[in-house]
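The feature domain 'Response regulatory' is assigned by TrEMBL to A:11-145. For A:ASP78, the entry in TrEMBL reads 4-aspartylphosphate. According to TrEMBL, the region 'Disordered' annotation covers A:196-231.
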Amino acid sequence: MGMAAAEWKFHVLAVDDSLVDRKLIERLLQKSSCQVTTVDSGYKALEFLGLRQGIESNDPTALSTSPQEVEVNLIITDYCMPGMTGYDLLKKLKESSVFKNIPVVIMSSENVPARISRCLEEGAEEFFLKPVRLADLNKLKPHMMRTKLKNQKLEEIENGTEAVEPEIKGSEDMGIKILPLQSELEPKQVHLQVVKQEEETLSNNKRKSMEEGLSTDRPLPRLEGGIATAV
Amino acid sequence: MNTVVAQLQRQFQDYLVSLYQQGFLDNQFTELRKLQDEGTPDFVAEVVSLFFDDCSKLINSMSRSLERPENVDFKQVDSGVHQLKGSSSSVGARRVKNVCISFKECCDVQNREGCLRCLQQVDYEYKMLKTKLQDLFNLEQQIVQAGGAIPQVNIN
């Protein structure tokens, strides 16, 4: 049951040099049913993702010896940080062939239009003004749903099962292939339609469109004995 | 027993409302309270505690930077004010945040005297808020101990 829970939880990496803000964003994300890891700098974020060597060289294949063990589904970062700013981090991530598809959200206490457009142009999904609120994080839910559905659908196709319940995958071991009944397909199609409508609404907002295709070949995330880990 | 709880709850509500009315707190504090639940009953207390630690630390370092008139590190002071403004904004500490706005202005024009005044004021404000919130948390504790629930308070 624990494994199934891990599959469904969205894992967010939050980056902020302020301890107060880290605590706040962690709670906000937990309240939004996300698994959270917090770090206090862009460097630590890259380290966590396994891009340690990538700071010096621009070679995305130069990963550190301990590759990323936990899948990260979204990165939310403060803009103003000493050393590496949130913008610098964003650029590094978008330059990486491995991580460029992870959605990135920028937060800032200052409302500077030029800053906002620069971040969006560089590929940030959203720009939140601080203090960030629960309502802001709800904007991320459509992203999460779409990604989750896509990953789930792709996994089911790979496993040869079209069932909605994850537990049914166990029947693979028995060599039983569960074919979709017509009645089972319909609800899912409706669900996908709803997501599509949400997507269309979203595209009206001032945002860059997200690249399709998050990797689905990742192993199941390993939980490290707690919901949130502060690095 | 019921009336004791009701009395305490009333007291809590009135006190909290007064803190908003007197400008100590703003909407962001309401947002913080929303994030607290049965699973995380100490969330608000923990966050504000971190905030007060921040205040103390930043005020000390800014004080050192402003100490010698012939050698003021305004960059450091500006950085401190920025951080303080950010965290006060994050917890809803309205008065502290407002002092930071004036503080930043003094810093921008390198007005040491003005900075010192703001520093003193920000020190006063955070300590005042700390006392007020301690009283609030004590009321909360009394309610819980008397077997009551913390009231949801709607601030307009």
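Counting begins at 1 with the first residue displayed.
For all residues, glycine too, the Cβ spot is worked out from N, Cα and C.
All TrEMBL annotations are machine predictions without curation.
Within 10 Å of the C-beta of A:ASP78 (4-aspartylphosphate) there are 27 other C-beta atoms, taking all protein chains into account. For the domain 'Response regulatory' (A:11-145), the DSSP counts in helix, strand and coil order read 55 helix, 25 strand, 55 coil. In the predicted model, residues of the domain 'Response regulatory' (A:11-145) average a pLDDT of 87.
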